[in-house]
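See below for the structure under consideration.
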Amino acid sequence: MKKKVKRYTEQIEVGSQNHYFVLKDFSRLLDCQIEKIVLFLLEKQGLLATRLSNLGEQHHALIQQSDGSRISELQEAYRAVGQELLRLLFFVEMNAIGIRKILKKIDKRFGYKFTDYYVKTRANHPYSQLRQVFKHVDPVIDSIKSAVDRLSNSTNFLHFLGRHAFIMEDELPTPSEDESLEQRYHFMSLLLNLANTFLYMVNTYIIVPTADDYSLSLGAAATVCGVVIGSMAVAQVFSSVYFSAWSNRSYLRPLVFSSIVLFVGNALYALAYDLNSITVLLIGRLFCGLGSARAINRRYISDCVPLKLRMQASAGFVSASALGMACGPALACLLQTKFKIYKLTFNEETLPGWLMALAWLVYLLWLWISFREPHCETKENLVPNEANAGQLANVTLENGYTQPLLMKIEAKQQDEDEDQERDDAEEDSQEIHKPVTSIVVAYRLLTPSVKVQLFVYFMLKYAMEIVLAESSVITGYYFIWPISRVAIFLACLGLTVLPVNIIVGKYITNIFEERQVLLASEIMVCIGILLSFHIFNPYSVPQYVGSALITFVSAEVLEGVNLSLLSRCMSSRLSRGTYNGGLLSTEAGTLARVVADEVRMPPRSKNTGNIRNNSSNGRNQQDENQELGMTKASHQR
């Protein structure tokens, strides 16, 4: 194959051969090689199946004879079969890597995408031999099942929800990497990361129902609440980058810093009422955004959770985010009280800040006591793992496995071409596993389809944020809803996240293609937005609630499918390092929130404005009466 690649490269350069013939010829050649792999795999499966059948008969005979002395021998025989199955899966892994490298090499030499042509024509064909390479054998032990899960591509709720978190994985990790992750894994540390995710989402949405009232009570316009909510997202744009870079060296220290900053931010948010300062309010929300550790939460799951538990952890990340989104407004609904302790005011506007400050203080203590810092793996250790995979192939050959794509190199073939090929393979391996070091390099790795999907993600987050952030303003402008009703409405929207993902993950994606679901959900989002416009008089509650529900639910469906596609389309180099795929998606979503929060409605109607202003004037009048009473009492004394 290498000689043909060289010959066709020379012919294409001089123009004596056309691309179509090269595509067809190499496709047939690769089909023959893959067919050899499949036949060898089927042969070994048959031999192992025979051994398992014989062992089953021996087990049945031992049960009938009640002979317990040979049970240990039978157990060892079953373990040996399990090891053979595991080695067979390693054989499939190595050949899958070989196919990928061959396709990449042909793309590099010919100057056009042979991979796209070959995968499109072979991967989804019902009789394709390429699909057989990735078809798993029967699992026996947990380690076999973990390898099977990486090779198979089944779609179910857990996988769909896990991809919703957009935590990218390396391609076909080696056993040594899995053992390293097993040593680094700590359940309580994972739980603390999920708790951080939950609390931050609560912190984000607990102020949404009362943000406009808080702005009015401080003398600002109701539409300033967009700046109040959006300031947190603005700060998060920058915090995601430095937290992602910080996580290259430590996980505990950035989480501690995040908790302290969030404690200070929420305390400032609550103190702004008694200080009567909109500036302090905005500074408090900026501090909350600077404490966003979602990049660390994603990175911890990607780097410190074993492969067999990573999908469950990713699903837990999404569930914690959805639960926090629902609990935030629900808690705001419960904080409808007012009292004073010394000079501090506790009411429906300040209690969210005080409650979250207390929650972050408790979390900080829990974090300091229970979190275990994992051993940070240096970037230099990533490339030797690929070399170990090559050593594994040699061990497999020594044990009698003849691999068609990894042919023996005869002495007469040790020429300059072989040396160049080996050097190219080492460079490709290092390039594949080398983390991205700058945002410019990360951008260059984005294909046009990935850029389109990131833009779709930006737009759906924009639509969702408009629905959530504008709810208190719209309902107050048209329906004069109290804070409790707004909070219940937002909580109900948040509670739709998990049921929608269950339906999509378990049923819809197994019936329709993902691109069909993507197109249908985009159309539904557009319909929901069009229905929200005030075209007919009067603007009714059913129209608003229905349009918001259609927009939000359709955007949730779109987000899940879009991130699932992104997790498979992005370069594997974006699975590690500071500028990873999770950071890019987080930045896209955060920028969408910033833009959405800055797009506000015009000032409220006179009736609504009078109601809000009366409450603000009432507060000022009450304070003046208290001061006047204290003055009179002083004169009397």
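Placed from the backbone N, Cα and C atoms, the Cβ positions cover glycine too.
Note that TrEMBL annotation is computational and uncurated.
Residues or ranges marked as compositional bias 'Low complexity' by TrEMBL: 607-620. The feature domain 'SPX' is assigned by TrEMBL to 1-120. Annotated region 'Disordered' per TrEMBL: 602-637, in sequence order. Feature annotation from TrEMBL assigns transmembrane segment to 190-208, 220-243, 255-272, 278-296, 317-339, 351-369, 454-480, 486-505, 517-536, 548-566.
Between the transmembrane segment (548-566) and the transmembrane segment (486-505) there are at least 3 Cβ pairs closer than 8 Å, counting only pairs 6 or more residues apart in sequence, which means the two stretches are in contact. Contact count against the transmembrane segment (486-505) (Cβ pairs under 8 Å) is highest for 190-208, out of 190-208, 220-243, 255-272. Simply put, out of 190-208, 255-272, 278-296, 317-339, 278-296 has the most Cβ pairs sitting under 8 Å from the transmembrane segment (220-243).
The stretch from 278-296, 317-339, 454-480 that makes the most Cβ contacts under 8 Å with the transmembrane segment (255-272) is 278-296. Broken down with DSSP, the domain 'SPX' (1-120) shows 107 helix, 0 strand, 13 coil. When averaged over the domain 'SPX' (1-120), pLDDT in the model lands at 77.
Note on the transmembrane segment (454-480): residues 205, 208-213, 222-223, 225-226, 229-230, 446, 486, 489-490, 493, 518, 522, 525, 528-529, 534, 539, 541, 544, 548, 551-552, 555-556, 558-559, 562-563, 566, 584-585, 588-589, 591-593, 595-597, 599-601, 604-605, 607-608, 611-612 of its chain, located 6 or more positions outside it, place their CB under 8 angstroms from a CB of the stretch.
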